[in-house]
Amino acid sequence: MSRNTKNVLVVSFGFLLLFTAYGGLQSLQSSLNAEEGMGVISLSVIYAAIILSSMFLPPIMIKNLGCKWTIVVSMGCYVAYSFGNLAPGWASLMSTSAILGMGGSPLWSAKCTYLTISGNRQGQKHNKKGQDLINQYFGIFFFIFQSSGVWGNLMSSLIFGQDQNIVPKENLEFCGVSTCLDNFTVIGNSTRPSKHLVDTLLGCYIGVGLLAIIFVAVFLDNIDRDEAKEFRSTKGNKSFWDTFLATFKLLRDPRLLLLIPLTMYSGFEQSFLSGEYTKNYVTCALGIHNVGFVMICFAASNSLCSFAFGRLAQYTGRIALFCLAAAINLGSFLGLLYWKPHPDQLAIFFVFPALWGMADAVWQTQTNALYGILFAKNKEAAFANYRMWESLGFVIAFAYSTFICLSTKIYIALAVLALTMVTYLYVEYNEYKHPTPQVTEDFLKPIKPKLKDDKEDNIISQTQL
């Protein structure tokens, strides 16, 4: 196994551990902290903070700390959110949500930069297309990462399953899109579990999050340590402002502007499943203790399809996969418009998340890979833009979650999906007419001379902004 592959696995399993905790907690927020919409508002604050941090933090942190330590520091911000849920209140939830959000964009930008550099270098070493290796690395990452939903949701369902309640039949009429009640209303079987069970779950999540930090800090190679050290010692205020503005400078590229709807839609579709489907369908008709089991189906489907699509892309191309994802989401949204959820239709509760997992696997793996391919010379700024616009989709969706009807939310998501496919296909057409040059070995090398103690030729440097 090459060092690049080993590092990809370390990053992947580190994220698996971290998001076993955060992913499970996010799926429960709309049901666990339903009072006055506090749960979804906290999620909105998270992604608003991610937007703010995307404007300047990722390039600055990555250039100064390197990818590894940016990931480690940012992981600590995620663990803080689990602590905030131990005593849920407006002050504790909103403050820890903001902390998590500030670490969110650097975390994902550093991860994407790490995988993209590794894929390009591995491709150069074995005389393969860099974009094929990037697709494979993102496929491996999301295959491992998306399985976090299995373990996080399994933990929540097993723990909360000790305190089950039967849904009154008269409450079932309020599930789905058939009625349009004030979303602040606690409907169906959304009673909060006992404090003892909640604290037990949060204790497990905190422990897993801390384990993720230790795992990455110990086993992940610091591939750009020397470049980060040189950057800190030789660059001054001018470079700070250049780095600060790098995210915004990239917006002058029309390709990035055309990818904004696609990136925002990723936020819309993820927030719908975690915020609307779990609350208005699963919790309402089956009870909060079943949210985890249903979301396990999504996570398993997402994980397997992420790995498969990452490898399949080199044979089918991106366009076919994006069209497949759009068709799946279109059919799912239309189905949710007309489906009346009932406990007797148990299998259907699992069908929608399974289909959603297939589509989301495409949105995640292929959009990340597309950014890495189109903006190879500005990866840090490109992935910062990715997180910023995806987070804006989350913010908008979570912000209106408690104010408009569920059917209206579905129509909005469908409109964004239509715009997404139009702009994305134009980007692909432009890429076909004017292909982006492949990254070369010389471009990947740092400007400074190679150090004598660089024994491993797989260790690669971070590209320059």
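Any Cβ shown, glycine's included, is placed from N, Cα and C.
As the structure is a computational prediction, the values presented were derived from the model and not from experiment.
Listed in Swiss-Prot:
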- Asn183: N-linked glycosylation site (CARBOHYD)
- Asn189: N-linked glycosylation site (CARBOHYD)
- Asn237: N-linked glycosylation site (CARBOHYD)
- 8-28: transmembrane segment (TRANSMEM)
- 40-60: transmembrane segment (TRANSMEM)
- 71-91: transmembrane segment (TRANSMEM)
- 96-118: transmembrane segment (TRANSMEM)
- 140-160: transmembrane segment (TRANSMEM)
- 200-220: transmembrane segment (TRANSMEM)
- 256-276: transmembrane segment (TRANSMEM)
- 281-301: transmembrane segment (TRANSMEM)
- 319-339: transmembrane segment (TRANSMEM)
- 343-363: transmembrane segment (TRANSMEM)
- 410-427: transmembrane segment (TRANSMEM)
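Note: the stretches the transmembrane segment (281-301) and the transmembrane segment (71-91) are not in contact (fewer than 3 CB pairs below 8 A, sequence gap of 6 or more). Same-chain residues lying 6+ beyond the ends of the transmembrane segment (256-276) with a Cβ under 8 Å from its Cβ atoms: 26-27, 29-30, 40, 43, 47, 250, 295, 298, 329, 353, 356, 359-360, 363-364, 367, 370-371, 374-375, 382, 385-386, 389-398, 401, 406, 409-410, 412-413, 416-417, 419-420, 423-424, 426-427. Residues 7, 10-11, 13-18, 20-22, 24-25, 68, 71-72, 75-76, 78-79, 82-83, 85-86, 152, 155-156, 159-160 of the same chain lie 6+ residues outside the transmembrane segment (200-220) yet bring a C-beta within less than 8 angstroms of a C-beta in it. With a cut-off of 8 Å on Cβ pairs spaced 6 or more residues apart, the transmembrane segment (8-28) and the transmembrane segment (71-91) reach 3 or more such pairs and are scored as touching.
Across 40-60, 71-91, 96-118, 140-160, the stretch most heavily in contact with the transmembrane segment (343-363), judged by Cβ pairs under 8 Å, is 140-160. If one looks beyond the transmembrane segment (96-118) by at least 6 residues along the same chain, the residues whose Cβ comes under 8 Å of a Cβ in the stretch are 4, 7-8, 11, 15, 22, 42-43, 45-54, 57-59, 61-62, 67-68, 70-71, 73-78, 80-81, 83-85, 133-134, 137-138, 141, 223-224, 368, 371-372, 376, 379-380, 383-384, 386-388, 391, 444, 460-463.
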